[in-house]
Amino acid sequence: MVKVAVTGALGRMGSGIIKTITETDGLDVVAAIDIPNHPKKGQDVGELTGLGKIGVALSTSDELEAVLKESGAEVLVDFTAAAPCVQTAKTASKLGVNLVIGTTGFTPEQRAEMEDAISKNKVAATISQNYAVGVNIFFKTLELLAQKLGDYDIEILEMHHKFKKDAPSGTALRAAEIIQNNLNRDSNVIYGREGITGERTKEEICIHALRGGDIVGDHSVIFTTEGERLELSHRVTSRQSLVSGAVLAIKFVAQKKEGIYNTFDVLDLN
C-alpha cells in the first residue's frame, strides 16, 4: 500500500485526487494539507470532500514537515501554486518523500530551485504541466507535425476557466517547447498581438490565451500555409482526466528511487 499525502486538499484537483485514491487499490490517503489557518483544519477530509469519513484530518501547510513525518507518507501530490509548491517540494524531498507535481506557473528560477532540491535529496519526482493521457498523445503527435510541417505558420490557442491564475497555460508553453525542439529552423515564441504588428514573420510561434466561464482546458495548435490548414486540438471536459493521469504518476513514482520524470516516462512514450 502506497501512502499518499495531498496538498491543496480542498482544491479542484486535490479533492478529486483524494476521491480517486480512496477508490484505487494499492493507494491510501494518509495526509491532506491545505493553506495555513484554514477554518476547517482538523475536520475529516473525507467528509469535507463528500466521501464520508476516511479517518484523515485536514492539516495546514505550516505544519507540513510534522504531518509528513507522522503520517509516513511515501508520495506527496501537489496541485497548488508555484511559490508554495517550491517550498513543499523542498520540505518533502528533505524527508525522502517522492513527488507528483502538477502545479504550473513556475519561473525558471523557481523550477531550478525545486529540481535542485529533488536531485540533492535523491528522491523521485514526476513534474508535468498536464497529466491527462490524451494531452500527452497530443504532445507526442506535435513532435511529428513540427518535424514534417516545419515551414508552416504555427499558432497556439488555449482556453481556460476565469479562475486560472497563470497565462499562458503550462500546457501551451509545453506545446511551444515541443514544437521548437522539433523544428529544423529558427523560431521565437510571442504572446498575443496588438496594434500595428506588420507582416507575420516565419519565425513566430504565437500563443493566444483566452479566459472565461468554466472551461476546464482547451488547446489547439494550428499549422497554416498557402491553400490549407491543419489543426490539432485537445479538450478536457472533466478534471477527472487530469486526476486519473496523476494517479498513474503516483503509482509510477512510488516505484522509483530517484530522478526527475515527466508524463512521457509515466506513459512510456519516450
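Cβ atoms here come from the backbone N, Cα and C positions, even for glycine.
Swiss-Prot lists G8, A9, L10, G11, R12, M13, D34, G102, T103, T104, S128, Q129, N130, Y131 with the feature NAD(+) binding site, giving sequence analysis as the kind of evidence. Annotation comment: Swiss-Prot describes H160 as active site, proton donor/acceptor, evidence class sequence analysis. Under the heading (S)-2,3,4,5-tetrahydrodipicolinate binding site, Swiss-Prot lists H161, G170, T171. Residues or ranges marked as active site, proton donor by Swiss-Prot on the basis of sequence analysis: K164.
The closest partner of T103 (NAD(+) binding site) among the recorded positions, by CA position, is T171; the full candidate set was H160, H161, T171. Between G170 ((S)-2,3,4,5-tetrahydrodipicolinate binding site) and L10 (NAD(+) binding site), the C-alpha separation comes to 22 Å. Around N130 (NAD(+) binding site), the C-beta neighbours below 8 angstroms that are at least 6 residues distant in the chain are G102, N136, G170, T171, R174, G217, L242, G245, T263.
Counted within 10 Å of its Cβ, the other Cβ atoms near S128 (NAD(+) binding site) come to 27, all protein chains included. Look at L10 (NAD(+) binding site): DSSP puts it in coil. With D34 (NAD(+) binding site) as the anchor, the candidate recorded positions are H160, H161, K164, and the one with the nearest CA is K164. Spread of the NAD(+) binding residues is 21 Å (greatest Cα-Cα distance among G8, A9, L10, G11, R12, M13, D34, G102, T103, T104, S128, Q129, N130, Y131).
Comparing K164 (active site, proton donor) with R12 (NAD(+) binding site), their Cα atoms are 11 Å apart once rounded.
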